[in-house]
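A.B. asks: Just dropping this structure here.
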């Protein structure tokens, strides 16, 4: 009955304790610890202590910190966590590694605070799993932003006036290397793009970022992008060739040329880059041979008759380009020439003013005394009449008169024809043809005899100013007699020549300034700036697209560069808040604060600013003036002392100070004091081997800042550091083993432990305890033995149990050590074994909970221990070779060598991947060597290229070599005088003269002659491909070409 009463009472006690309010069970939260990182995502921790035996909830909570992206680009923690070992699987927060030596797998957790990807929310890694981060910054928090941007709100406090757009100081990322370039069509982030400022919607009062929909009713600010540096990626560079020029010469075999560029295309813009970036590709030919089939030549017809019957006239002929349309205008034969009729024109017949009656009247002449003063009569022909036929052959006529001239008045006098009968009479009729008759197919007039002929006139303007255009010769119909242009209908359409054109302006286009459209204005008010791209470019192809132009350096354009910016939105702005730069952090390490000034300012239409009273700006949008800053943990001091402490085997508890090294027995309880003065000791924290210590039943930091370790184990060995606002000192603990004898129950009186505050003590009567104890000892009920040994410390109960003390024995049952397990080299392995607690009473042995042995003051043996440590392989380098015998690399400088291998301490060689490749010693090193001198070496002169005459040439080989070894020395002879590699033939006796050949006889009267004394080299190499060679060695090349056939 009393036993049942006891059980009911215990259950009632547990039920009452479970209803204690958490606020009374927990102490206040500690201050936040410093962030585990300074950038890239870390965590900060906060602790609270349970004041009662039963507390619900967590004793530690975490928040994210240092979320700013690190400036220096580093590899992801998931990629480096295995420390060079093989990565078997890579989770977001856990990575499985495999030892390259043993093949064993082991699990590593990613650092807490490392960002990870959750389904819908922001998340970070915590304790090996991806945990949601609440809007309050706490990991695993259930707080979220509501529709109004309030953290943990209910969506009923929206005020759109509180939310504004804000241009952050962060920009979108530029491509930092060629692997980041994801789109070469211009749509993605590519080579020389721009970086945009990030615009976010924020709560104007708190400054927190909120969903963008809360700023949907406000105009999003226009931002000004900044250009990204251009990346030149050799793997994406290519050769680009311009269009070919026309074949030169225009008839027969010749050459044509084109420009070849190394380019890189981005955003539909082709940029000219140095040729070295295209070395992996095949460079297109810049020159090639060609054959032009358009070989026009001039042909001239017969001269026409002289147009004058006396004095000087004109003769004309037809000149045409046949066999093509590219005849050289400079070599065009003359189409007109002067001619002489053979009879001087002493009288201007066109001015004769006839008056037959007056001058033939005898009375007129009769009055003159001297008839001898008259000139002798002569026949004078008049102008030809028009042709009797408008087309085809006709007749034209003229009159012939006998006249004389009075030498005094110079007036002509018409005489009877009989006065001139002794003179030869000129023709009175002549055949003529105005034009060919179109319907008269059987016309026998040649083209040269036609009165109207087709002629080519001046060239039209070139169709292009560069890169090769076309121009045409204007076709005209000319009246042969006058040389004037008439309508085309006057010329024979059947004889109309083909259209004639020629290439023109084949030179490259000059560089020019290529401009884009202006961007949007950088300011919505207050005089902003619009920008555009202005680049020096050159057109290299007539095709459209990115390959039509290449971008050059600005100094290649000789005209004034157009402006890249222009002023826009010249209107005044309303008053707004302006912030100054943040001050320096108040602390150089750990957490501090920094401040900045904030004032109200207006910007006028000209862009000038003026401070205004704060009341003119919106107080709800005023930026913060103070914020927290952190620059990582404070620097470490050196070890405070070199004290060495060795524990005495009789000691069970020890108190140590900071400094030195202590070697202790396992199982010892330790207290280490932190020498902090004038500091809040509740804020003291400890680290073991660089990792912050978390309180538990085995190890904890007390309220006064001291570190306590209960029943120390072998794995507790390490370096312990004490921190306030900086490192105060450290101590190194090592442990050694001791024997583990069986422990008997100590039933001696012990001082009563005072009860904890708010904890009730269960009262048990003497008779109940004796009855329960007798049942336990006789029936060996393990559960009741545990209840007896953990019962309240009642003096009367202990007196009743004292008589059984010698018969109740508790001891540890210890198993065998396992094989040594070692995850990786340079880290000690470990061995494990099983332990269990056994109680012996009246000869009977039972396995019981381990807590029974521990409660009997028996030291618990360690379940693990360190084992042999296998060192990592290391680099071993041999001695350097002698510099004097090594290969020369430049003048007075050689390169010595040595072997570098990866070996274990026992001398075993392994693959180099097992050693740290970043610390591999150099295998080569430059060293001074006086023997490293280069010189030109020549071979003997070769035989003469000619067996006769004086134009022969001798050749020899040149090579730059090291004097000491005779090996090739590359370009190390460039500063020395280069010996001649060719000379005119030198012989003891002059060579006999060459016999004339058919080729020589053929060229004897021609202008094709050799102009260089080295033309005989062509006979050795049979190379006349170059136009310059053919011009300077015309005779030799003719001989070579004839010899081929």
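Here the Cβ of each residue, glycine as well, is placed from N, Cα and C on the backbone.
Below are the features listed in Swiss-Prot for this protein:
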SIGNAL    1-23  signal peptide
DOMAIN    24-71  domain 'TSP type-1 1'
DISULFID  35-65  disulfide bond
DISULFID  39-70  disulfide bond
DISULFID  50-55  disulfide bond
CARBOHYD  268  N-linked glycosylation site
CARBOHYD  280  N-linked glycosylation site
DOMAIN    576-635  domain 'TSP type-1 5'
DOMAIN    637-732  domain 'Ig-like C2-type'
DISULFID  674-722  disulfide bond
CARBOHYD  730  N-linked glycosylation site
CARBOHYD  781  N-linked glycosylation site
DOMAIN    811-873  domain 'TSP type-1 6'
CARBOHYD  899  N-linked glycosylation site
CARBOHYD  906  N-linked glycosylation site
DOMAIN    932-990  domain 'TSP type-1 7'
A.B. asks: Cα distance, residue 899 (N-linked glycosylation site) to residue 55 (disulfide bond), nearest Å?
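C.D. replies: Given the Cα positions, residue 55 (disulfide bond) is 66 Å from residue 899 (N-linked glycosylation site).
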A.B. asks: By CA distance, which of the recorded positions (35, 730, 906) lies nearest to residue 674 (disulfide bond)?
C.D. replies: 730
A.B. asks: Take the domain 'TSP type-1 1' (24-71) and average the pLDDT across it for me.
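C.D. replies: It averages 78.
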A.B. asks: Compare the Cα of residue 39 (disulfide bond) against each of the recorded positions 50, 730, 899 and report the nearest.
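C.D. replies: Closest by Cα distance to residue 39 (disulfide bond) among the recorded positions 50, 730, 899: 730.
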A.B. asks: I want to check the contact list for residue 280 (N-linked glycosylation site): same chain, sequence separation of six or more, C-beta distance under 8 angstroms. What comes out?
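C.D. replies: Long-range Cβ contacts: 234, 235.
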A.B. asks: Residues with Cβ closer than 8 Å to the Cβ of residue 899 (N-linked glycosylation site), same chain and 6+ apart in sequence?
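C.D. replies: Those within reach of residue 899 (N-linked glycosylation site), by Cβ under 8 Å and sequence separation of 6 or more, are 877, 878, 923.
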A.B. asks: Sort the recorded positions 35, 50, 268, 722, 906 by C-alpha distance from residue 70 (disulfide bond) and give me just the closest.
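C.D. replies: Checked the recorded positions 35, 50, 268, 722, 906; minimum Cα distance to residue 70 (disulfide bond) goes to 35.
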A.B. asks: When neighbour density is defined as the number of other C-beta atoms within 10 angstroms of a residue's C-beta, which of the disulfide-bonded residues 35, 55, 65, 70 has the lowest density?
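C.D. replies: Each of the disulfide-bonded residues 35, 55, 65, 70 was scored by Cβ atoms within 10 Å; lowest is 70.
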A.B. asks: Under DSSP, is residue 50 (disulfide bond) helix, strand or coil?
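C.D. replies: It is in a strand.
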A.B. asks: Going by C-alpha positions, which of the recorded positions (50, 268, 730) is nearest residue 35 (disulfide bond)?
C.D. replies: 730
A.B. asks: I need the CA-to-CA distance for residue 65 (disulfide bond) versus residue 722 (disulfide bond), whole Å please.
C.D. replies: 23
A.B. asks: Which residue counts does DSSP give the domain 'Ig-like C2-type' (637-732) for helix, strand and coil?
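C.D. replies: Split into helix, strand and coil, the domain 'Ig-like C2-type' (637-732) gives 6 helix, 40 strand, 50 coil.
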A.B. asks: Take the domain 'TSP type-1 7' (932-990) and count its residues per DSSP category (helix H/G/I, strand E/B, coil), listing them in that order.
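C.D. replies: So the domain 'TSP type-1 7' (932-990) is made up of 0 helix, 17 strand, 42 coil.
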A.B. asks: Where does residue 280 (N-linked glycosylation site) sit by DSSP, helix, strand or coil?
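C.D. replies: DSSP assigns residue 280 (N-linked glycosylation site) to coil.
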